[in-house]
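Trainee: Sharing a structure with you now.
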């Protein structure tokens, strides 16, 4: 009888550490979500939720959003800073600014803004990094504090739109990223009769560690050097507009894993702030940018997929460093701003889809090679016998290496025409048989076994063909080796019988999830319950709410997935709302300037030319349905 428990499942998939308490596993072995931490007793089973959506006509894959998680993340971050401000007697306040580049979906932005609708003084603003984003936030920022921060490269039109935002009642901070922007801002402000609110992005010497570390340091794409900062100060003094400089901004990069890097960046930027104040500037806001990390792998480490600090520690470090510096230099304490988009959005979205097929190794009975067989085959047969005879633990490693060497020789001889196809097939099957036997007798308790066990897991892993596009739904997994938690949505009440790798349905060998979160850290395979064609086998990809949608591409013309907003009411009842259909085939063809209407005319011509009259209507109907259909697989039975 198995001693497997739900606790083992939590450990095996490291759920307690990457989920922030928002996702869990029920006693029935199904993955759950608790979208409203104020009511942790109210949970949603993701497996049943997906089945209900399919019954209602929502085809998989589907991206499911939980807006209550967005509300929780906003308020948690604001509360962390508010408590730190109280703890250190910091003499100013905190503003959370959401950079919409992280996820520009209307539902996401509106839910973030709605999270503080009941607050007398909302602590929310919006950030734009381009003209399209600015046009969006100009129409939405009034739902919160009306604070807008404008980053990125700016032309005259961008700058004029930002200044017009002031006329619309917003507080718009135009952050100077390049020295040349200052002249344009001042000229256009005079034309419009607007007093601009200026910000400076300073280029720090300090550079944090991580995948986005190029955002900081002396060679960073954006920001002003110390000399350029002085140039701006002198230019503003000459124009008698030094009071317009109201914000200091820096950015170490997204996903800063080490809290020491954050402290170092705040400390250096704090010195800039104090020096600017001494020069007569009136900087009122200190914007630390992004960097607040998400613990994707749950290791609480300095890994680029993790973080070695918590939310309280993050806020305490920023507040305490700037508090001490301002007191030391007798300077007023500025309003603190952070642009923490990844932290706000990552957890709120889950991609749910189905496994449409598998390829698994099953041991086959093999006959012993005859006397005339190549020596390599005889060696492999003998090695298998040694495993079956339970060789000592260190000898198992040698057996594995010997078999791999023999197999490599078989492949070489086959390529040279010195070995038959049947011999090669036998050798490959025997290799898998030996690996299968070795995996059964080797143990992770022996340190010297572990590297080989990892190799065996990879060699023997089942292939799960999953109905999604890695390039569309998890582009960072492909592009920068970002890790996302992956879990089967059911069957977790039993010990996993297999290990598997997830393959998407694109015609690209890169469409493979290469890294998986488990209790041992990051692995190349995922423990899974056995697959059965008798019932749907659903997979969840978690923490996909930040960047993935907008970065996703249309490789093989797989388009946007279906999406749905799911909310719990006060009684714990599930409401599926705002279901948005994903791209149809016609939609993605139009995106690459292919005209579905003209295609239909061509189909009609070809049908009339090649198809018998009694079949034409049915064929044309199928072609039309194909153009209107979902880009993902809908019927694979």
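Cβ atoms here come from the backbone N, Cα and C positions, even for glycine.
Here's the feature list from Swiss-Prot:
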type	residues	note
MOD_RES	101	N6-(pyridoxal phosphate)lysine
BINDING	286, 287, 288, 289, 290, 291, 292, 293, 294, 295, 296	substrate binding site
Trainee: Hey, what's the Cβ neighbour count for residue 294 (substrate binding site) at 10 Å?
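Mentor: Excluding its own Cβ, residue 294 (substrate binding site) sees 22 Cβ atoms within 10 Å.
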Trainee: Give the three-state DSSP assignment (helix, strand or coil) for the residue listed as 'N6-(pyridoxal phosphate)lysine'.
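Mentor: In three-state terms, the residue listed as 'N6-(pyridoxal phosphate)lysine' counts as helix.
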Trainee: Could you check which of the binding-site residues 286, 294, 296 is the closest Cα neighbour of residue 101 (N6-(pyridoxal phosphate)lysine)?
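Mentor: Smallest Cα separation from residue 101 (N6-(pyridoxal phosphate)lysine) among 286, 294, 296: 294.
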Trainee: Determine, from DSSP, whether residue 286 (substrate binding site) sits in helix, strand or coil.
Mentor: strand
Trainee: Just jot down the residues in the same chain as residue 288 (substrate binding site), at least 6 apart in sequence, with C-beta under 8 A of its C-beta; none if empty.
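Mentor: The answer is 250, 262, 265, 266, 269, 318, 336, 337, 338, 339.
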Trainee: Could you check what DSSP calls residue 296 (substrate binding site) once collapsed to helix, strand or coil?
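Mentor: In the DSSP reduction, residue 296 (substrate binding site) maps to coil.
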